[in-house]
Amino acid sequence: MVGNPTTWKNNTHPQWWRDPGLRRNVFWIAVLYFGFFTWGYSTALLNCLQPLPQFNEYFHNPSGGRLGIIYASQSLPTVILAPAIPWSNDFLGRKRTISIGSLIVISGTILGTLSRTTGMLIASRVVVGLALPFMSVACVCLVNELAHPRLRGICATINSSMYFGGVIVVSWLTFGTLHWDQSISASENNISVYSGNQWAWRLPILLQALGPTILLCFTSPSLLPGPLLSLLHNSKGTRTRVRPRSAFAVPESPRWLVAHGYIHEAHSVLAQAHANGDMQDELVLGELGEIQDCLVKEREEAVGKGMWEGWKDLWRTEGLRRRMLVVTIIGAGSQLKGTSAIASYITPILNLVGFVNPDKIAIINACLTTCDFISAIAGALCVNSVGRRPLWIISTAGLLVCFAVMTALAAVFAQSASMPAAYAFIVVLFILRVFNGMGWSPLTHNYPAEILPYSIRARALSYFTFLETSVLAFNLWLHPVAFQHLGWRYFLVFVAVLSALLVAIWFLFIETRGRTIEQVSLLFDLSPTEQRRRNQILSSPDLEDGGDMKNRDDSEKR
């Protein structure tokens, strides 16, 4: 590793909200949050539209296989196109990928809003599904690669939590439109299909474009021709580009810029984002040196040189295999641990304990999504004080206990129809969502991005997205069948999965706070003894706690 970031002097105020450069940095990160906001909104959209009588009447009450096709049409493109996600992120850049993806999602949203047939609705979801993973993975990469080291932990974990921000918006929006007066069938009265209360379901689809529109406003300069993107050569022959004219435009990842030879612009972005424009700032120079050294090392060790051969790099060393094992555990575990079943099929689960009223189910579901968001934000704010690894352990252990208790309560209700057991089941269901929000929600997408080196980050996150989406697609078919045949006994499967996950997390997951993203990714290349020695070296006050880095002991510098 190049040095200890806690000893590097930095031209920023200890409190980020009192520093103009860090306020701008946080603003850029907040804009990028709309990538995951859109992911959550789009994922929950159809589930929230299904109770609407206007939607069901217009599309002739889709159910069974036809409903399954509509539901799966958005996920299938991700399974097919996942290998192209890293190419887009690494070749076109994070910003261009976000801009192009946003344009495609907006196009699919317009098509869905104007849908006249089931085929148009399916086509719109396919178009959205084509671009959504490209846009979301690019946002994850750019958040981690652009955030100030002192703020990266909280900023990145809040990014994952914004998934539930999208879910909350669409859940409460459709809960409101559920009570709009249902209009008489347009086909029977020769009324325009775009009039009246048909907007009860068209409006939620239209608002799917909110996040991509905001992203496009602050990243679209990367698509413009002319001087803004002119490639120049300075007197030393170093490749440079004209910087964005607007201070509010989100910059490109400095790691992507260094990887493509734009050293001067990468230096400028780091200075602007992390040191109020001071090009000679010690932290900026240290980060730039680490990025260059890590990229040189990764290129020397690279195995694959082409688009497809490069996937071999994910497994080329013992350290990379350890990383990919962790990525696999998180990707599969996020969909196998049981919370996705509750989120997608809350109705049959509540039916197990006697709740069948649609209004009660709708309000419980909306309250659960709100609980998800609040607990995820709370968990994100604890990543620096508590640490990533403790949050993983606490969250998984809490889920394990909650599923065990829910299994017992559901069994009691099945035998005696005890309403106290049913109400206790609902209480534990909320506690379960709190434990999920404490660790899994904010860390599921942030932790893999932290532990991966730049050269394979986009590819590994694409593999993660492919794995997560594939398991989710399988579960969407499995869960209703399992609940129908096994009932409350199906919860025992989640108890077994969570037990295995807890053991894996205890032995394989490491702490990552207090380090630059390059140093985090290199931790997996160290032996346990070397990790303990490195932890002792970096045991000074946490870089991410927001302490003043200007008064560190110069003897500990690089």
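Placed from the backbone N, Cα and C atoms, the Cβ positions cover glycine too.
The feature transmembrane segment is assigned by TrEMBL to 26-46 (among others). Under 8 Å from some Cβ of the transmembrane segment (26-46) lie the Cβ atoms of residues 16, 70-71, 74, 98, 105, 125, 128, 132, 135-136, 138-140, 142-143, 146-147, 151, 155, 158-160, 162-167, 169-171, 204-205, 207-208, 210-212, 214-215, 218-219, 248, 250-251, 273, 369, 445, all in the same chain and six or more residues away from its ends.
Under the heading domain 'Major facilitator superfamily (MFS) profile', TrEMBL lists 28-513.
Under the heading transmembrane segment, TrEMBL lists 66-85 (among others).
Residues 32, 35, 38, 42, 88-89, 121, 123-132, 134-135, 137-139, 142, 194, 202, 205-206, 208-209, 212-213, 215-216, 219-220, 222-223 of the same chain lie 6 or more positions beyond the ends of the transmembrane segment (97-115) yet place their CB under 8 Å from a CB of it. Per TrEMBL, the feature transmembrane segment maps to 97-115 (among others).
What TrEMBL lists as transmembrane segment is 121-143 (among others). Residues 29, 32-36, 38-39, 42, 46, 59, 69-70, 73-78, 81-82, 84-85, 88-89, 94-95, 97-98, 100-105, 107-109, 111-112, 115, 155-156, 159, 205, 208, 212, 215, 250, 253, 445-446, 449, 457-458, 461-462, 465, 469 of the same chain sit 6 or more residues outside the transmembrane segment (121-143) yet have a Cβ under 8 Å from a Cβ within it.
The annotation transmembrane segment is assigned in TrEMBL to 155-175 (among others).
The transmembrane segment annotation in TrEMBL covers 205-232 (among others).
The transmembrane segment annotation in TrEMBL covers 324-346 (among others). Listed as Cβ neighbours of the transmembrane segment (324-346) (distance under 8 Å, sequence separation of 6 or more from its ends, same chain) are residues 47, 314-315, 361, 364-365, 368, 396, 399, 403, 429, 432-433, 436, 440, 444, 447-448, 451-452, 460, 463-465, 467-468, 471-472, 475-476, 479-480, 483, 491, 493-494, 497-498, 501, 504-505, 508-509.
Packing against the transmembrane segment (361-384) from elsewhere in the chain are residues 44, 51, 153-154, 157-158, 160-161, 163-165, 167-168, 171-172, 175, 178, 342, 346-347, 350, 355, 391, 395, 426, 429-430, 433-439, 441-443, 513, 542, 544-545: each is 6 or more residues past its ends and has a CB under 8 Å from a CB in it. Taken from TrEMBL, the feature transmembrane segment covers 361-384 (among others).
The transmembrane segment feature in TrEMBL is assigned to 391-414 (among others).
Per TrEMBL, transmembrane segment is recorded for 420-439 (among others).
Taken from TrEMBL, the feature transmembrane segment applies to 460-478 (among others).
Taken from TrEMBL, the feature transmembrane segment applies to 490-509 (among others).
The feature region 'Disordered' is assigned by TrEMBL to 537-558.
Under the heading compositional bias 'Basic and acidic residues', TrEMBL lists 547-558.
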Taking every residue in the domain 'Major facilitator superfamily (MFS) profile' (28-513), the average pLDDT works out to 82
